[in-house]
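Taken from TrEMBL, the feature transmembrane segment applies to B:55-75, B:87-108, B:129-158, B:170-193, B:200-223, B:269-287.
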Amino acid sequence: MPVIATTALTKRYPRVTALDELTVEVGSGVTGLVGANGAGKSTLLKILLGLIAPTAGSAIVLGHDVVTGGEAVRALVGYMPEHDCLPPDVSATEFVVHLGQMSGLPADAARERAADVLRHVGLDEARYRPMGGYSTGMKQRVKLAQALAHDPQLVLLDEPTNGLDPAGRDEMLAVVRRIGTEFGIPVLITSHLLGELESVCDHIVVLDGGRLLRSESKAALTGETGVLAVEVRDLSGRDRLVAALARAGARARPDGPLVLVEIAGDETYDLVRDTIAELGLGLVRVEQHRHRLEEVFNV
Amino acid sequence: MSDQLPRGGVIHDIGYRHYTGPRLGRMAITQALMVSSLRHAYGIGRTGKAKVMPVLLFAVMVVPVVIIVGIENLMQFDEPQLLPVDYIFLLQPVIALYLASQAPQLFSRDLRYRSIVLYLARPPRRTDYALAKLTALVLALMVLIGVPLFILYVGALLAKYDFVDMSKQFAAGLVVALLVSILLAAIGGLIAAATPRRGFAVAAIIAVLIVSFTAVITTTAILDPEGDMSSTAARYASLGSPFSLARTVGTFLLRDHRENDWMPTTEQGLVFVGVYLLVVGLCVWGVNARYAKVARG
């Protein structure tokens with residue numbers, strides 16, 4: 001049974017259609033929900049939580065209809081909103097304990113869980129200080145911790161990497177990955193930064209203007225194209241490499257600073273290596289050229 | 001060194017632990033929210049700064065009664081110098097200040113910092129949230145008003161005034177205190193929930209209470225120059241402020257009035273009860289509607 005299943009889910013506002021007949025399924029593991037701003041990601045999450053009612057269609061989350069069973073859904077789901085939502089005058093520990101109780105945990109259990117999840121998200125001694133003095137990275141960790149406080153069966157993370165520096169983003173994504181694999185909790189994570197979802201998601205759903213653009217496993221979406229991307233130092237080197245590869249019978253073309261070579265078989269790798277060595281070019285990198293999500297997105 | 005046993009300091013990563021214990025229902029969660037809100041209304045579990053106002057105002061409410069009780073017991077008056085009901089109205093500015101300082105704490109804070117979203121994403125419905133907050137504010141006001149009344153009652157008993165009379169007065173005081181608390185909590189809650197800006201809410205609550213109070217005093221003085229409250233118009237002027245409204249409802253319901261007070265006729269009394277219920281109902285509905293709008297956000 002899928003964790004989330006929507007059927008012709010539609011949400012119309014007086015002037016815009018936020019979701020347009022969206023039919024999609026989300027399973028276990030980490031699922032990325034990708035789309036530009038205004039694509040309907042946040043609207044979808046709010047409908048899945050039963051906070052707003054769809055105009056038409058239905059959504060089933062963990063076996064409960066979101067319209068009639070919103071309360072049951074919210075008891076089982078953890079939600080991390082996109083924007084700031086932390087009061088500055090209490091400590092992270094107090095706040096997460098309180099929200100654990102608000103999800104139905106008895107006080108003692110909430111305290112124990114809060115200590116656990118704050119450790120998992122990597123918030124150390126700071127958890128006893130008022131949250132007003134926290135950095136963006138620390139705040140994002142608390143927001144993630146509160147979504148895990150009640151040991152949910154699904155977490156919805158709305159742009160968890162928003163406002164983080166590259167190191168903070170990597171750490172956040174590593175925790176998200178752990179939630180989906182090690183903790184065994186299905187994750188639906190939204191982002192408009194497409195590249196970052198590649199590294200953590202098993203499955204990617206692309207929304208555009210409220211409509212489903214694609215829903216595929218990441219392997220299918222970013223599968224190998226059979227093209228090798230080679231970068232050598234300076235552009236004249238690039239042109240010499242393209243010419244030499246063409247003479248040797250390989251299909252190659254320049255693409256920006258890169259040379260794209262169609263992979264005919266294992267011998268293509270040898271050919272590229274030998275050609276570069278013969279020409280005495282400085283090799284910067286050789287890699288499998290994959291569809292970037294950006295390309296998928298620009299379809 | 002190597003033969004020393006490892007001590008303390010070793011952190012075992014026991015991995016993620018799932019929770020298998022009990023999960024409470026909506027009612028229990030709402031109750032927990034009510035209790036934590038009530039604690040917050042007195043600054044418990046908040047920063048030291050947040051404790052200053054409620055504790056200070058609580059002291060202002062309690063200290064005069066302690067002095068009065070002391071004097072009563074020392075001087076051996078024939079009868080108590082202060083009626084519980086009168087005490088509420090004597091210190092209404094203090095009660096108003098408490099409402100203005102704490103209602104925004106309970107209602108505006110979650111809106112201002114948008115932590116309301118985290119509550120809405122959890123099992124309790126927005127109605128549960130609104131009612132838990134309103135109940136917490138009613139109880140906080142009851143503590144503020146009830147504790148001095150209780151001290152006054154105990155003091156009166158120590159001074160050996162008539163037990164039955166004192167108990168009746170105390171009970172009447174508590175009923176009026178409850179009427180005042182419910183009405184103030186509803187009005188203060190609505191104003192505070194309407195704005196995420198704490199300062200606005202504080203100013204608006206003070207303004208509403210002081211303006212209405214002053215208006216009622218002035219209107220009554222103009223309509224009732226003899227000061228015997230015989231004029232019907234002057235009586236209805238008491239509808240204009242929460243304190244006088246709640247007091248008149250109390251007088252009517254308890255059939256309890258003294259020489260410096262007036263007894264509404266049945267018709268007048270029913271109008272006061274009707275207006276009281278209408279105002280409370282509208283405010284509670286307003287608070288709820290406000291959160292409905294926030295949830296759609």
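Heads up, the Cβ atoms here are built off N, Cα and C, so glycines get one too.
No curator has checked TrEMBL annotations; they are predicted automatically.
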The transmembrane segment (B:200-223) and the transmembrane segment (B:129-158): do they have three or more Cβ pairs under 8 Å, with pairs 6 or more apart in sequence?
no
Listed stretch, out of B:55-75, B:200-223, B:269-287, that has the most CB pairs under 8 angstroms to the transmembrane segment (B:170-193):
B:269-287
Between the transmembrane segment (B:269-287) and the transmembrane segment (B:200-223), do 3 or more CB pairs sit under 8 angstroms, pairs being 6 or more residues apart?
no
